[in-house]
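Visitor: What follows is a single structure, and I will ask about it in a moment.
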Amino acid sequence: MAGWLFVLTLIAALVAVYRPFGDHMYRVVSGTRHSAVERGVYRLVGVDASAGQTWGVYARSVLAFSAVSILFLYAFLRVQDRLWLSLGLPAVGDHIAWNTAVSFVTNTNWQAYSGESTMGHLVQMAGLAVQNFVSAGVGIAVAVVLMRGFAARNAETLGNFLVDLTRITLRILLPLSVLFAVVFMVGGVVQNLSGGTDVTTLTGATQHITGGPVASQEAIKELGTNGGGFYNANSAHPFENPSAWTNWVQIFLILLIPFSLPRVFGRMVGQNRQGYAIAAVMAILALGSVALTVGFEIHGAGTVPQAVGAAMEGKETRFGVANSATFAAATTLTSTGAVNSFHDSYTALGGMMPMVNMMLGEVAPGGVGSGLYGMLILATITVFVAGLMVGRTPEYLGKKIQAREIKLASLYFLVTPLIVLGGTAAAFGTGNASTALNEGPHGLSEVLYAFTSAGNNNGSAFAGITVNTPWWDIALGLAMLLGRFLPLILVLALAGSLARRQPVPESDGTLPTHRPLFVGMVAGVTVVLVALTFLPALALGPLAEGLS
Amino acid sequence: MTTTLNDLIEVDPAPEPPAKPVKAGLLDPRQLLRSVPDALRKLDPRVMWRNPVMFIVEVGAVFTTVLSMAQPSLFAWLITIWLWLTVVFANLAEAVAEGRGKAQAATLRSARQDTVAHLTDGRDIAAPQLQQGDLVIVEAGQVIPGDGDVVEGIASVDESAITGESAPVIRESGGDRSAVTGGTRVLSDRIVVRITQRPGESFVDRMIALVEGANRQKTPNEIALNILLAALTIIFLLAVVTLQPLAIFSKAYQAAAPDTAALDGHGVTGIVLVSLLVCLIPTTIGALLSAIGIAGMDRLVQRNVLAMSGRAVEAAGDVNTLLLDKTGTITLGNRQAASFVPLQGVDPEVLAEAARLSSLADETPEGRSIVALAGGGDVPAPASAQWVPFSAQTRMSGVDLGGRRIRKGAASAVLKWAGVRDAEVDEIVDRISSGGGTPLVVAENDRVLGVIHLKDVVKPGMRERFGEMRRMGIRTVMITGDNPRTAAAIAAEAGVDDFLAEATPEDKIAYIRTEQQGGRLVAMTGDGTNDAPALAQADVGVAMNTGTSAAKEAGNMVDLDSDPTKLIEIVEIGKQLLITRGALTTFSIANDIAKYFAIIPAMFAAVYPGLDTLNIMRLHSPGSAILSAVVFNAIVIVFLIPLALRGVRYRPSSASRLLSRNLLIYGLGGVVAPFLGIKLIDLLIQLIPGI
Amino acid sequence: MRLPAWLAQHLAALRALLVLTVVLGLAYPLLMVGIGTLPGLSGRASGSIGPAGSTLIGQSFDDDSRYFQSRPSATGYDPAATGASNLGPESIVDTLGDDPSPSLLTQVCARSLAVGEREGVDGRRPYCTAEGVGAVLAVFHRDGFTGPVTRVVSVNQTGTPFLAVYQGVRVEPAENGVDYRALGAVITPVRGDAPSRPVVPADAVTASGSGLDPHISPAYAALQAPRVARERNLDLARVRELITEHTDGRTLGFLGEPGVNVLELNVALDGR
């Protein structure tokens with residue numbers, strides 16, 4: 001009961017901020033007046049704030065920035081032992097450094113390492129957490145470009161990447177991070193530069209209480225749907241997520257931007273109802289998923305949960321089963337991947353749900369930006385099929401959906417299954433699947449989860465599997481890289497294509513894309529076309545385990 | 001007293017859309033049989049390659065054939081046979097659709113006999129050697145050797161070979177009825193025709209190519225849909241191929257699991273893997289897609305409309321604005337007398353009689369309608385009557401009966417003739433004009449009796465049709481040469497959304513361009529040479545077959561019945577084509593749900609018995625489940641051929657209502673139907689021993 | 001000299017990254033560290049450290065019977081290596097032999113038995129043997145999953161099996177290092193007749209996610225209260241009072257689950 005109230009208050013809070021926060025983001029991404037600080041940044045960077053970029057230039061800008069980021073972060077990790085605040089930790093090994101650099105730049109935040117024993121404070125702050133901001137900024141920027149594509153009339157340019165990135169980071173991500181870092185500190189999240197304190201426990205042993213700039217990183221970790229924990233235990237760690245209410249705040253932060261972006265979309269295309277429709281699709285899928293995840297976990301099927309009497313393995317007392325399962329759903333419905341409980345020990349079907357959430361393409365509501373653009377791609381596919389059914393060349397928001405759009409959209413949703421299923425099959429084909437901790441179907445789930453998480457840039461894991469081998473680090477690194485940038489380029493190309501199109505005026509013959517019927521249809525297409533693709537693989541993993 | 005037209009005369013009913021029996025939809029089993037050889041010929045991989053979805057099925061069928069020969073079993077052979085049948089059924093759908101066109105083409109070919117052309121310079125050459133610009137003489141009884149324009153003479157022509165209409169039509173030089181078509185026969189008189197076609201590109205040639213689907217090009221939406229289907233196919237191919245290492249791992253882990261026909265130590269057997277793939281990829285729509293396209297063109301041909309490209313048919317479905325000529329399309333061809341308005345103190349009977357007398361010799365439809373309205377048309381005029389015909393100078397006509405001189409005509413002309421000025425007449429004339437009517441003033445000697453109110457008569461049912469158009473989101477625009485006031489009144493009466501008054505050809509083009517700049521697609525009909533630029537500019541330009549060659553060249557469709565209202569039907573056919581594609585795509589995708597539930601437990605329940613929970617249809621055995629899914633997948637193609645050929649039922653309504661209706665039938669139906677179908681087939685198949 | 005476009009683009013990207021690193025990677029966290037030193041926040045920002053460690057970080061009380069015991073931890077309450085067991089819901093077959101690794105089920109059974117013994121209550125659980133391992137049989141059928149049973153092994157026991165006979169076949173003890181599933185057995189957990197709501201609560205037999213869970217459930221605290229009172233010669237009611245005092249209820253009545261902060265409770269006990 002309390003568990004449902006927990007969910008209801010989250011919904012209420014998200015509904016309450018939808019308009020004001022969405023409007024704020026809209027003003028940020030559509031405004032043309034720049035603050036003194038922003039102008040200072042532009043001058044330092046050497047960017048002309050008024051110069052628009054075509055989709056191709058924009059894409060190259062994103063890729064250049066990301067490439068530089070990966071190299072920079074890789075180098076940073078490789079030399080951390082020579083830097084300030086390294087806490088005496090050695091340089092990060094080459095394949096883990098590659099994996100981690102890619103992971104944070106792609107907003108995945110898959111962690112092939114254990115934070116407290118690998119990363120010094122400076123790398124956490126100035127390396128990893130910076131990417132928490134900018135990778136989120138990249139996602140939002142690309143989503144905004146797609147919105148501009150829909151809104152534009154015969155336009156070639158779609159904004160300027162570095163300007164978008166700067167404004168989004170400085171006006172949306174940073175202020176909220178400052179606010180919520182303080183909130184988290186109030187809740188007990190640590191924020192210091194200490195290398196740790198040794199304390200004597202009641203029974204006379206010594207315990208090393210760790211320190212670090214955690215609160216500042218925690219805020220952006222959730223807000224930017226990044227998910228990379230300061231500590232290995234992530235949001236299960238009492239220093240990252242000390243109480244039931246900080247847990248609520250974390251889930252709220254995870255969902256805040258993804259669920260408010262449809263408002264920006266609505267404003268951008270001049271029809272708020274279109275934003276409501278997209279938000280509704282997201283909400284339907286999200287609610288269904290949360291209900292199933294919580295339901296499966298509370299039901300507690302499986303030999304060990306039955307023996308225990310509850311699915312409590314890997315869960316914290318202060319969160320309990322329901323709030324843990326809600327977090328698990330939220331973190332995988334978005335591209336966050338933070339965990340406050342360990343999915344590997346979930347019931348078979350309860351543990352399947354996070355996978356299914358990611359397999360949906362992380363669109364309900366998805367990662368910051370990436371969720372919205374993924375959903376718009378699905379909506380575009382739906383418009384195409386539905387549009388034919390009303391007897392017209394399909395059009396979405398007045399833009400005709402024709403061969404080029406369908407080609408880009410089809411490629412978009414070809415990429416993820418290719419990576420996830422191809423990677424999983426490769427792991428089994430090459431024998432690397434044997435690093436799974438658990439055996440049989442659960443071991444298969446660990447492998448499937450790993451590639452699902454990497455390919456969808458989530459970052460959570462069935463963490464029993466050992467993945468800091470060269471093969472896994474490289475394979476998952478590639479999965480993250482391709483899973484992030486191929487779709488992103490396709491989205492930008494789609495934006496470019498849409499922007500050039502002359503909008504068709506709306507009439508009674510136009511397919512309405514804001515009505516419940518269409519909303520239901522997009523949700524249906526998402527489930528049937530996207531999720532069912534993975535059903536055969538799921539059958540041999542969680543379903544085999546859960547239906548025995 | 002005013003008498004209304006409708007009280008007195010019966011208006012000709014508007015020509016109904018031609019009630020030719022439309023054969024589409026009725027699928028004759030013999031037609032299926034006749035198409036079998038064609039369907040088999042299409043198994044050639046070089047032909048199949050054009051349809052990636054079915055090509056994959058064919059490759060799969062070859063693969064399972066090899067496997068079945070290597071390791072024969074009843075199950076393997078049954079699957080193989082049904083996979084081949086799936087391909088054949090798809091080819092059959094296309095062959096049947098093409099077959100109907102071929103029958104039509106055969107009729108057309110018979111019209112293209114080897115004729116000899118008699119050139120004006122006296123030479124006789126074979127018709128195929130005619131060049132553009134050649135002048136040929138055609139006399140009564142001869143077949144016109146090529147497409148062209150009549151440059152001299154007038155003749156009645158039998159065009160039944162191409163239009164199917166047996167009544168002869170008049171073709172004459174100059175004007176808008178000058179075009180003649182090769183293969184038609186001159187019945188009377190003699191004409192000289194200037195050939196306008198290039199050799200081998202005659203109208204009939206193009207018609208034949210069209211109905212045979214020989215050079216059928218994929219339309220934009222078809223291309224887009226094909227891309228989507230190809231993407232789905234790749235995704236499912238991927239899902240199936242990558243399943244293998246997982247299956248091998250699972251089988252090895254569950255050492256207790258016995259080898260089955262579906263799964264052994266080497267993973268899922270090839271037969272079952274192919275079955276799963278074929279069931280998941282969108283074969284239903286893949287199989288029927290080209291048949292839907294061909295049938296759509298065919299439906300147009302059956303309504304005597306020739307589309308020069310499939311693109312135009314698709315564009316017709318997208319049309320936002322319909323430009324319709326007022327005369328002949330919205331209104332009956334001519335104005336009719338609607339009422340007599342006598343001046344104060346004039347006996348209505350006197351006015352009516354004067355109007356009647358003045359019009360007795362007037363053979364124009366207007367004149368006849370005046371006589372009809374006045375009544376007593378059978379009372380002949382006095383023998384002494386001296387007729388005064390209408391002339392452009394006088395702008396009136398009438399009769400002199402001894403001392404009685406009666407005139408009717410334009411107000412200014414008649415008033416000047418009578419030498420009077422009358423405020424009351426001006427007032428009546430103004431009122432009629434502003435109401436969209438045409439006032440004819442009637443005067444006897446120097447006394448003005450009253451005014452005849454002539455008005456355009458809107459064809460019955462037009463208002464309702466325009467209402468339908470509006471619900472479909474289509475704006476109707478009336479094109480007329482009338483002045484704006486008259487046009488506005490008729491537009492209001494007919495219920496069109498907009499009108500273009502005093503329209504010149506330039507105005508039409510400008511109007512079309514403006515609409516197109518706003519992103520709208522425009523359709524129009526036209527027949528005259530001066531319509532040609534506008535026809536070319538419009539996205540859908542339907543030329544009347546009676547029109548000039550220029551018009552027919554400029555448009556992208558030709559209506560052989562020359563019925564301007566057919567534009568509305570063309571739009572509906574265009575929409576129906578797209579709806580059919582969308583509906584069957586939805587159906588095809590929705591089908592997958594049931595197939596997953598049939599095949600996945602069948603493959604894997606042997607390894608993980610718990611997965612039998614997914615066998616919600618309670619299918620008899622793994623073998624029967626997989627076979628049932630494959631059989632359903634094949635049979636559903638045959639079941640849907642009639643729908644593909646006939647098109648999804650279309651009633652004009654808003655997009656919202658169309659979507660909910662089609663989603664209910666083809667979406668929900670697509671989810672439910674295979675559950676029932678597969679279960680039913682399974683009930684039969686389990687009777688086969690060994691399955 | 002003009003740079004090629006691609007180079008200019010990458011240089012701009014690098015400059016942008018450096019500027020943003022200064023703002024987001026140094027200025028922002030250091031500002032927050034600064035804010036964290038403000039009165040009211042400084043205690044929490046530095047780890048909520050009290051007289052005997054951080055009140056947020058769980059400790060092991062080393063089975064010292066005078067103390068309330070924390071939950072099991074996959075990492076022994078070491079903040080330098082946080083994490084969970086990551087064992088799945090069907091982790092029920094132990095690896096026996098020289099390098100043994102107990103299944104999650106056996107861990108649960110063993111913990112339950114130990115807690116039961118420590119607190120003097122019934123430590124039985126479903127799917128657990130009396131000796132505290134998972135009650136799991138490897139059942140061989142003639143035809144794989146079906147057919148008559150031909151052989152039965154109790155996979156987690158090398159000694160006397162928990163069941164003498166299964167479906168008419170004598171149950172054998174397991175041999176070290178043998179994977180009975182790979183030999184074709186069907187792994188079958190046996191529920192047994194333990195109550196479905198065991199006396200030892202769930203959190204007492206499961207490891208947390210962080211390995212640092214500072215809380216136990218009120219039920220687990222209540223279970224331990226008599227023993228602690230006895231060991232400390234305290235009034236049981238007083239101990240229960242202290243439990244209530246250190247129970248964090250659901251925040252606002254609906255967030256999270258109630259938990260007893262073990263360290264605070266034990267400090268309070270010591271402080272008397």
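Heads up, the Cβ atoms here are built off N, Cα and C, so glycines get one too.
All TrEMBL annotations are machine predictions without curation.
According to TrEMBL, the protein has these features:
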- B:49-68: transmembrane segment (TRANSMEM)
- B:74-93: transmembrane segment (TRANSMEM)
- B:114-212: domain 'P-type ATPase A' (DOMAIN)
- B:223-248: transmembrane segment (TRANSMEM)
- B:268-294: transmembrane segment (TRANSMEM)
- B:ASP325: active site, 4-aspartylphosphate intermediate (ACT_SITE)
- B:ASP362, B:GLU366, B:PHE390, B:SER391, B:ALA392, B:GLN393, B:THR394, B:ARG395, B:MET396, B:SER397, B:LYS408: ATP binding site (BINDING)
- B:593-611: transmembrane segment (TRANSMEM)
- B:623-643: transmembrane segment (TRANSMEM)
- B:663-688: transmembrane segment (TRANSMEM)
Visitor: Determine which residues of the chain contact the transmembrane segment (B:623-643) at the Cβ level, with the cut-off under 8 Å and only residues 6 or more beyond its ends counted.
Guide: 25-27, 32, 75, 78-79, 82-83, 85-86, 89-90, 92-93, 96, 261-262, 272, 275-276, 278-279, 283-284, 287-288, 291, 580, 584, 587, 591, 594-595, 598-599, 601-603, 615, 617, 673-674, 677-679, 681-682, 685-686, 691
Visitor: For B:MET396 (ATP binding site), what residues in its own chain, 6 or more apart in sequence, show a Cβ-Cβ distance under 8 Å?
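Guide: B:VAL388, B:PHE390, B:ARG407, B:LYS408, B:GLY409, B:ALA410, B:ALA413, B:VAL414, B:TRP417 - these are the non-local Cβ neighbours of B:MET396 (ATP binding site), listed in sequence order.
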Visitor: Under 8 Å Cβ to Cβ from B:ASP362 (ATP binding site), same chain, six or more residues apart: give me those in sequence order, or none if nothing qualifies.
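Guide: Expected: B:ARG368, B:ILE370, B:VAL371, B:PHE390, B:SER397.
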Visitor: Average the pLDDT scores across the domain 'P-type ATPase A' (B:114-212) and report the rounded value.
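Guide: Its mean pLDDT is 82.
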Visitor: Kindly assign B:THR394 (ATP binding site) to one of the three DSSP-derived states: helix, strand or coil.
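Guide: The three-state answer is coil.
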Visitor: In the same chain, which residue numbers or ranges, 6 or more beyond the ends of the transmembrane segment (B:74-93), come under 8 angstroms Cβ to Cβ?
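Guide: 32, 35-36, 38-40, 42-43, 48, 51, 54, 57-58, 60-61, 64-65, 67-68, 261, 271, 274-275, 278, 283, 286-288, 290-291, 623, 626-627, 630-631, 633-635, 637-638, 641, 644, 688, 690-691.
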Visitor: Using a 10 Å radius around its CB, how many other CB atoms surround B:ALA392 (ATP binding site)?
Guide: 5
Visitor: Counting every protein chain present, what is the number of Cβ atoms, excluding its own, within 10 Å of the Cβ of B:PHE390 (ATP binding site)?
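Guide: I count 15 other Cβ atoms within 10 Å of it.
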Visitor: In whole Å, could you give the widest CA to CA gap in the ATP site formed by B:ASP362, B:GLU366, B:PHE390, B:SER391, B:ALA392, B:GLN393, B:THR394, B:ARG395, B:MET396, B:SER397, B:LYS408?
Guide: 19
Visitor: How long is the line from the C-alpha of B:THR394 (ATP binding site) to the C-alpha of B:ASP325 (active site, 4-aspartylphosphate intermediate), rounded to the nearest angstrom?
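Guide: Cα to Cα, B:THR394 (ATP binding site) and B:ASP325 (active site, 4-aspartylphosphate intermediate) are separated by 29 Å.
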Visitor: Pick from B:THR394, B:LYS408: which of these binding-site residues has the biggest number of other Cβ atoms within 10 Å of its Cβ?
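Guide: Per the Cβ count, the most surrounded site is B:LYS408.
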Visitor: So, by DSSP, how many helix, strand and coil residues make up the domain 'P-type ATPase A' (B:114-212)?
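Guide: Summed by class, the stretch gives 17 helix, 37 strand, 45 coil.
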Visitor: Looking only at C-alpha atoms, tell me how far B:ALA392 (ATP binding site) is from B:ASP325 (active site, 4-aspartylphosphate intermediate), rounded to the nearest Å.
Guide: 25
Visitor: Using DSSP and three states only, what is the residue listed as 'active site, 4-aspartylphosphate intermediate'?
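Guide: Going by the DSSP assignment, the residue listed as 'active site, 4-aspartylphosphate intermediate' falls within a strand, counted as strand.
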Visitor: Under 8 Å between C-beta atoms and at least six apart in sequence, can you list the same-chain neighbours of the residue listed as 'active site, 4-aspartylphosphate intermediate', or say none if there are none?
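Guide: B:MET478, B:ILE479, B:THR480, B:THR525, B:GLY526, B:PRO564 - these are the non-local Cβ neighbours of the residue listed as 'active site, 4-aspartylphosphate intermediate', listed in sequence order.
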